[in-house]
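Feature annotation from TrEMBL assigns transmembrane segment to 25-50, 78-97, 118-142, 192-209, 247-269, 289-308. The domain 'TLC' annotation in TrEMBL covers 112-321.
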Amino acid sequence: MGCIRNKCCCCSYSQEFLIQNHADIVFSLVIFILIGLMFEATAKTAILFIQPQYNISTLSPEGEVSLYHFGWKDCATIIFYLFITIILHAVVQEYVLDKVNRRLHLSKSKNTKFNESGQLCVFYLVSSVWSLYVLSTEGYLLHPSSLWENYPHVHLRFQVKFFYLTQLAYWLHAIPELYFQKVRKEEIPRQLQYITLYLLHIVAAYLLNLTRVGLVLLFLQYLSELGFHISRLFYFTDENHHKMFDLWAVGFVFTRMITLTLMFLVVGFGLGRAENQTLDWEAGNFNTVFIRMTVLFLVCFTQSWLLWKFIRFQLRRWREFRLEQAARKRAAAENGTSPRLKKIKAP
């Protein structure tokens, strides 16, 4: 029995050590890869992790331009930036969120949601600004038809490919962070749902050469989610700010409408009228009826599921508000005082 207790203590101690020092361990791995650049024998291997691969040089009116396409070596780059994301996550948590948490004195459940919203606010803000910059510099905003013209869009500029690699790195890093942040078991399925959905949609856009429309959809989604998590952060600092959720609700429905309209325009109308509609793996052409219908179904199903969850939450919130309002009015009538409404619980 004593041996079993000792093993359990050692196991729990090693797990706690890993959780407390995971950022330092990952930082050591990053330094190890960077040191590999200093030696000729290891430089070629180290560069696989740091710099996007599969670049080709081509001539354009602007001069010689480097373009990129995807391949299996991208996995090494994603792993490296996954390490970088874990380090940045720990920096934001320790130097920003933990300090705010100590001042707010939140409960354990609210503390978990506050940390989640704080981390996602930083990511959504950076990613939405970054994606908007890429969309404007690539000219997709001024020329919407470029989202489907000249498909397949096999060759990407550096900023487009690097954006997708870092997006995949972030959402992959979110999986081990569930363990590192000691997320409650009842919260894990909910967070795994949206992590999986993001990974599925980003991978599909990247591998099917739908990166242009994928950029627009990610910008819209990140902007909508940024509004939600800012509203939740304000609610945790002051519960009188629950009206900000009403503003987010309008933006949420508007985003779903634009997303569905854009997908039918690009995939159903734009790609549907293209001349070349044959599957060609070497050329990267996936513009077939089956694949288009699959992509449309995936996006429509996801948007419908999000709307269904949104409507359920709003109805439950409205019912709770009406019941609480009726109860307060009855209590006020009995006591002869003016009713005060209970603050609505944040999602």
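Positions of Cβ are set from backbone N, Cα and C atoms, glycine also.
Please treat TrEMBL annotations as automatic predictions, because they have not gone through curation.
What you are looking at is a predicted structure, and each value in this text was computed from that prediction instead of being measured.
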Across the domain 'TLC' (112-321), average pLDDT on the 0 to 100 scale: 91
Other parts of the chain folded back onto the transmembrane segment (289-308), taken as Cβ under 8 Å at six or more residues beyond its ends: 197, 200-201, 204, 208, 210, 217, 253, 256, 259-260, 263-264, 267-268, 271-272, 277, 279
Chain residues in Cβ proximity to the transmembrane segment (25-50) (below 8 Å; excluding those fewer than six residues from its ends, i.e. six or more beyond): 18, 73, 76-77, 79-80, 83-84, 86-87
Contact ranking winner - 118-142, 192-209, 247-269 against the transmembrane segment (78-97), Cβ under 8 Å: 118-142
Residue numbers, six or more beyond the limits of the transmembrane segment (118-142), whose CB comes under 8 Å of its CB atoms: 89, 92-93, 96-97, 100, 157, 159-160, 163, 167, 170, 212, 215-216, 218-219, 222-223, 225-226, 229-230, 233
